[in-house]
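Take a look at the structure below.
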Amino acid sequence: MAMQLYDNWERSLRPFTPIHQDWVGLYCCGPTVYDYAHIGNLRTYLFEDVLRRALELNGYNVRHVVNITDVGHLVSDGDDGEDKMEKGSRRTGQTAWEIAEKYTVAFKEDVQRLNILEPKIWCKATDHIVEQIDFISVIEEKGYTYRTSDGIYFDTSKQDDYGYLARLNREGLEAGKRVEIGEKKNPTDFALWKFSPEGSTRQMEWDSPWGRGFPGWHIECSAMSAKYLEPWFDIHCGGEDHIAIHHSNEIAQNQACHGTRLANFWMHGYFLQIDAGKMSKSSGDFLRLQTLIDDNIDPLAYRWLCLSAHYRSQLNFSWESLKASQTGLNRLRETYFNLPSGGSINQDYADRFKAEIDQDLNLPKAIAVMWEMLKSNVNDADKKTTLDYFDLMLGLNLKVWEPKKTEIPAHILELVEQRKIARQNKVWAESDRLRDAIKAAGFEVEDTPAGMVVKAVS
Ligand code: AMP
Ligand code: ZN
């Protein structure tokens, strides 16, 4: 049966069938690199990673593209604020180009630490100015633009279905038009190209047919997705906040230029909340992955926490739940480590697990199937191999984990050896006495299916 994915365009689950036979196009809106990513941002990339892994589990060859927004994303949605990059530059005293580089490197490091699969293509807005100018030129030729004193704008009144993705109430917006819209003709109109302010030079600016300036934020995604995936591709993702403005505007641009709504499926990751409010780069609750690491949390414990909630529900962050995730992950890793190798996949459990994934990435239910498998009477070697299969989706890198090596002193190893002999000779009282002696010295012996394991008592 085909995967069922929730498409926000239709607002329903739909069977997924790819546009092309041999590849699936997946475009994910990437970071604005004026600051570090917070763990809320990273939740969205984790959802997209799960989606990609699910597509690959279904045998699709995924052309995964992520953009880097390094120009044009303004502080306010109203097209009149400062460019976030220039603001970041003032904050740090470095140039906009330097901070773009710095936070791109930091972002890619977070991606690696969370074991998020690298996209096949990373693309930067500033590397695609020509493509964006060409895109705007076509929109202009088709009659969708107008000029104000500060830029070239998209006239949303030219499209009857503008804002359909967000089920936008245009009448309501028109009625509220008294809000300051400056020279814009409609409240929903947005900048395609902004002019550099009169008499000053921006750090990032380019010549264009309309004057020196820089692209609006939304045009980069239309131009780069068209370049790398064609103007009509399979799945477009981002966080839920993008539905109303950024994605609605990307669709308007493509509709005008190519007559498509970009993507067949529109999927959105729901927010990580903190104290019931959204985590944002401007709020005080700015938690980076590094903040968690500094608190001795393994980045994969954060991954595990995110996997435990469905991507279409908001997740409330707390340190307690994160620490519980760390404990749960450690337990899973130890279980995996202690299972013997050489088994085969248990097909019943594998099928049940995949059926949950194929039902709109239902990770919480898939994980419940995993725990059930571990408690079942499936033989131990098969359990390990089935876990390997599950980990293709979970991305916890179970295979490479090893318990922390503590030096076991020679006299303890001697006691362990004596206990082994006592057990072979079935002298149980002596075996128990030796176990107690080992424990009194701060160590523990466990008899696992893979043999005897000695570790320090934690
Ligand atoms: P930005 O770097 O601000 O452009 O955002 C990068 C991605 O993170 C976008 O897809 C946003 O929709 C998403 N995002 C922003 N805040 C959150 C949050 N609190 N939880 C989940 N995703 C978020
Ligand atoms: Zn985008």
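Glycine too: its Cβ is placed from the backbone N, Cα and C atoms.
When the candidates Cys221, Cys257 are compared with the Zn(2+) site entry in TrEMBL, which names Cys29, His246, Glu250, the shared residue is Cys221.
Matching 83-87, 208-212, 278-282 against TrEMBL, the residues noted as motif ''KMSKS' region' span 278-282.
In TrEMBL, the motif ''HIGH' region' annotation falls on 31-41 of the listed ranges 31-41, 119-129, 229-239. In the predicted structure, the motif ''HIGH' region' (31-41) carries a mean pLDDT of 94.
Outside the motif ''HIGH' region' (31-41), and at least 6 residues removed from its termini, the chain residues within Cβ reach (under 8 Å) are 68-70, 73, 84-85, 87-88, 99-100, 102-104, 106-107, 110, 239, 271-272, 274, 278-281, 286-292, 302, 317. Reduced to three states, the DSSP call for Glu250 (Zn(2+) binding site) is helix. Residue density at Cys29 (Zn(2+) binding site): 23 other Cβ atoms are found within 10 A of its Cβ, drawing on all protein chains shown.
For His246 (Zn(2+) binding site), the same-chain residues that are 6 or more apart in sequence and have a Cβ closer than 8 Å to its Cβ are Cys29, Trp217, His218, Cys221, Gly238. The Cβ of Glu250 (Zn(2+) binding site) has 28 neighbouring Cβ atoms from other residues within 10 Å, across all protein chains displayed.
Screening the binding-site residues Cys29, Cys221, His246, Glu250 for a C-beta under 6 A from any atom of ligand 1 leaves Cys29.
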